[in-house]
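Asks: Starting off with a structure, shown below.
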Amino acid sequence: MTPMLLSAFWTYTLITALTPGPNNILALSAATAHGFRQSIRVLAGMSLGFLVVMLLCAGIAFSLAVIDPAIIHLLSWVGAAYILWLAWKIATSPAADENARPKPVGFWVSFGLQFVNVKIILYGITALSTFVLPQTQALNWVIGVSILLALIGTFGNVCWALAGHLFQRAFRHYGRQLNIILALLLVYCAVRIFY
């Protein structure tokens, strides 16, 4: 992977892992309402489910690459379009709602959430088909990057859980500006896929 593509990969994965989504909002809410210690079961369920979903995404993306390598080029364009759409949604979205507090959930509920979490499914397929498979189709790399994607996602969840009220205050005061900055960084990622 070239340094420019690697920088786009890291920018995309970190922004996606750290922006609001079902996992991050649930981690934030669980830690804010019940404390970090009580939210560990939720985080553990998310992490294991995230890993399983990333491995499933790897299987799907890898299978498509083996069936027809031209599909990977097409998926790169689809991935870039998705990143631009995500940038638009982030730039035009209001600041996070600090009053959203779901009831406490446990390990299995947060594990099961991963299989219907469109954000992480698109995150996995986009990252693999856009940044990895055009460079290599070595199965060990695809699996390794899938594990890395799950670790990056877990990092984002833990950050939101640890930050608790700090993130809520920051989004309340600077949410709009932060969304625009994150959106511009995602546009950078989409451009870097091809240049």
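Placed from the backbone N, Cα and C atoms, the Cβ positions cover glycine too.
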Asks: Looking only at what Swiss-Prot records, is ALA163 on the same membrane side as SER7?
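Replies: No - Swiss-Prot names a different topological domain for SER7 than for ALA163.
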Asks: Under DSSP, the topological domain 'Periplasmic' (1-9) has how many residues in helix, strand and coil?
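Replies: Summed by class, the stretch gives 7 helix, 0 strand, 2 coil.
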Asks: What average pLDDT does the predicted model assign to the topological domain 'Periplasmic' (1-9)?
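Replies: Mean pLDDT for the topological domain 'Periplasmic' (1-9): 85.
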